[in-house]
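Contents: one structure, followed by commentary.
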């Protein structure tokens, strides 16, 4: 991606005067949205400061991307280059909204970009979802990826059947981790406690449930292909779920058509001899279940934990992407001891001064410009809602950065007053007993993690608590 050029002409004096006013920009959140915004803005402004609540950077690249997808984490190299740019600073261990307010940041910087993502999860809104044995995918993923706030999750994997609600890439990540042979996971950066729990896991069957049909499945072809080839597993789907699909495919766009064809092949086609032999040896089973919506989590006789899930059977009205799931009135009970809800992440409000649409769970914006607040911007999932892959976030963040630079060029963002930037924030943090973690401090943590990992044949062994991260920093 080549960043579009933005021409600057302030008071008719051109770009030279733009750099001479030393614009300072603050970005809240150090995930892909924060770093891609910084990458674009740093080419023009005099300082970009990235604030992060945790002592470690990279957000969902570190805590969301599946351990068996190391190639997706390669963007960390690009983000590291940005963080080491002479005009960029990383300040970790600062909880914006608590340690320092957005208004205080606005006083210290010419512009503030909120890029702190979606750290909450959507509720199913059904009876029994608070029973033991029911987890959000966000928390489950955070548990095996080392997110400090999820380390006490300790999921019970002693059941035979797990049900995952939702059929997006995160749902498939969770299914893959539950079913992967342990010798594959041992070579990844999955956390040691998760590895030990998965080694003892009794889960042999994973059902991935969606309210609509095979043509509306939300995952991408890469993830489906990985699932189909996962060692030690075989697919087991209902042929009836695919009735009429071949005919309906004639009117479907090509990417969606390729995905559905692979799904049809995996579910229904008689496999070749080699694949038949592979499947016959498989000890674990996975399946997509279509046209089903969760109605209730069923409790064990003593009412303490989950024993199953009640699903409503749907039919579709309409076709293609716009098809709607409509209840038929039929119900099905599926016995299971583990339920993982993967129906989406959700952004939250971190500061009452920021406008927030609680229904859409986003900061209301036009092209990343926060409505009714000059100099305040948003990028990433906070801007759009939790959709798309890292490349989607990259483009969305570049668009926000362009809006910000255009506003500086047009005078919408006032650059006439000089701003102190982090210099004025550091005094506030000292008074409040907050010690920022710098990028060089993160490099100490990184070094400890990678050397611990190397000793046991892993890319890294993540440090799992903020306290321990800070101990490494302040040694």
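Note that Cβ sites are derived from N, Cα and C of the backbone, with glycine treated the same way.
Nobody curates TrEMBL annotations by hand; they come from automatic prediction.
Per TrEMBL, the feature FAD binding site maps to 33, 52, 60, 96, 381, 388, 389, 390.
Residues or ranges marked as NADP(+) binding site by TrEMBL: 167, 168, 169, 170, 211, 212, 223, 388. Within the same chain, residues at least six positions away from residue 168 (NADP(+) binding site) with a Cβ under 8 Å of its Cβ are 218, 219, 342.
Mean predicted confidence for the domain 'FAD/NAD(P)-binding' (24-178): the pLDDT average there is 96. Per TrEMBL, domain 'FAD/NAD(P)-binding' is recorded for 24-178.
The closest partner of residue 52 (FAD binding site) among the binding-site residues, by CA position, is 170; the full candidate set was 167, 170, 211, 212, 223. For residue 211 (NADP(+) binding site) paired with residue 60 (FAD binding site), the C-alpha to C-alpha distance reads 27 Å. Across the fold, the C-alpha of residue 60 (FAD binding site) and the C-alpha of residue 170 (NADP(+) binding site) stand 12 Å from each other. Here the binding-site residues are 33, 388, and the one whose Cβ sees the fewest other Cβ atoms within 10 Å is 388. Nearest to residue 390 (FAD binding site) in space, judged by Cα atoms and limited to the binding-site residues 167, 212, 223, is 223.
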